[in-house]
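In Swiss-Prot this protein carries:
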BINDING   HIS145, HIS149, ASP361  divalent metal cation binding site
BINDING   LEU170, VAL171, SER172, GLY173, GLY174, ASP203, ALA217, GLU221, SER328, ASN329, SER360  substrate binding site
TRANSIT   1-30  transit peptide
Amino acid sequence: MISIKGTGRFLLDNYRIWQRRAFNRPIQLRKGYKVLAIETSCDDTCVSVLDRFSKSAAPNVLANLKDTLDSIDEGGIIPTKAHIHHQARIGPLTERALIESNAREGIDLICVTRGPGMPGSLSGGLDFAKGLAVAWNKPLIGVHHMLGHLLIPRMGTNGKVPQFPFVSLLVSGGHTTFVLSRAIDDHEILCDTIDIAVGDSLDKCGRELGFKGTMIAREMEKFINQDINDQDFALKLEMPSPLKNSASKRNMLSFSFSAFITALRTNLTKLGKTEIQELPEREIRSIAYQVQESVFDHIINKLKHVLKSQPEKFKNVREFVCSGGVSSNQRLRTKLETELGTLNSTSFFNFYYPPMDLCSDNSIMIGWAGIEIWESLRLVSDLDICPIRQWPLNDLLSVDGWRTDQL
């Protein structure tokens, strides 16, 4: 007779065997497969469903939903409020996405942002995705957020262009990085910021000038472009050139953006312009334009220095990606193509950007990156993975939790 204690041990051992077999089971591909993608690295709760109906064509987007935390009154993102926002919105958004895509019973792969990002925000999406992976007995891929930005320009051509190797300027509110990518799992960081990101700097400068919203830099760009010639051209700001490669600062292959905020405040004080709301629009437009130009000039100058100081790395590189929230800025795109497209031996002939609606954080890029990871590397994630606050792209596969999914 088997004792209750022995029965419990027997059931537990058999459950563990089933669990190992179930979650080490490879993806059983039909002709195609469907992907549920989740992104919660900052203040956007994003859910999408992609139909990978064929490996020879770009996936169809069956659903794409986003709900952004309203942080206008706070003047910035409060991590605890972002965490609560994700907890409140991730369930309803996922339910809507599954209904819209008619995929409630047909999800084959779950892709979710693992990092980098705000730990509380990341955990909201990652914990939810792991729960679904257990409930549905489906494989999980914890995706690098910046890899999503880097790869999303490839989705429209089903990964055909840009072809590896290529370089990427990843510009957002949390990152400013120049990367050389030789393969999906081979990335070299060539230039990174030593303080804040370009999007953060532009947002804070915009806030100093009285702009409001959840995307302040974009509001400032719109204001500048309303009438680019309606400026006070006599109003000249003294703007910095951070980490300039002078005799005392050789080979400073880094970005720095905090100085622009300080410089703007100093200029406003010198000009006696402390009450922004009292300034004429043409003066505000002139100040905003000069700030934006100075920030973008800094990026261009640093990119030129990287390209000229290490020409051997770019011998066979002729494709340039610019992605991330700030990549939607048309002035930045124009400056990149004008100034980097004519650099002699390091000229880039092809420039690639995401569609405008996929420049900012979204879950489609997470789903596409997961598709590329699985189809190229045959990798999935363990169920014990945790959020990663800081995760350099060059350490993509060195973190724990990856395993091979054998067909």
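Cβ atoms here come from the backbone N, Cα and C positions, even for glycine.
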SER328 (substrate binding site) and ASP361 (divalent metal cation binding site), distance between Cα atoms, whole Å: 12
Integer Cα-Cα distance in angstrom, ALA217 (substrate binding site) to HIS149 (divalent metal cation binding site): 19
Collapsed DSSP category at HIS149 (divalent metal cation binding site): helix
DSSP-derived structure type at SER328 (substrate binding site), helix or strand or else coil: helix
Structural state of SER172 (substrate binding site), classified by DSSP into three states: coil
Surrounding CB atoms that lie within 10 Å of the CB of HIS145 (divalent metal cation binding site), all protein chains: 28
Residues flanking the divalent metal cation site, with Cβ no more than 8 Å from the Cβ centroid of HIS145, HIS149, ASP361 and excluding those residues themselves: GLU39, SER41, THR113, MET146, GLY148, SER172, GLY324, ASN362, MET365, ILE366
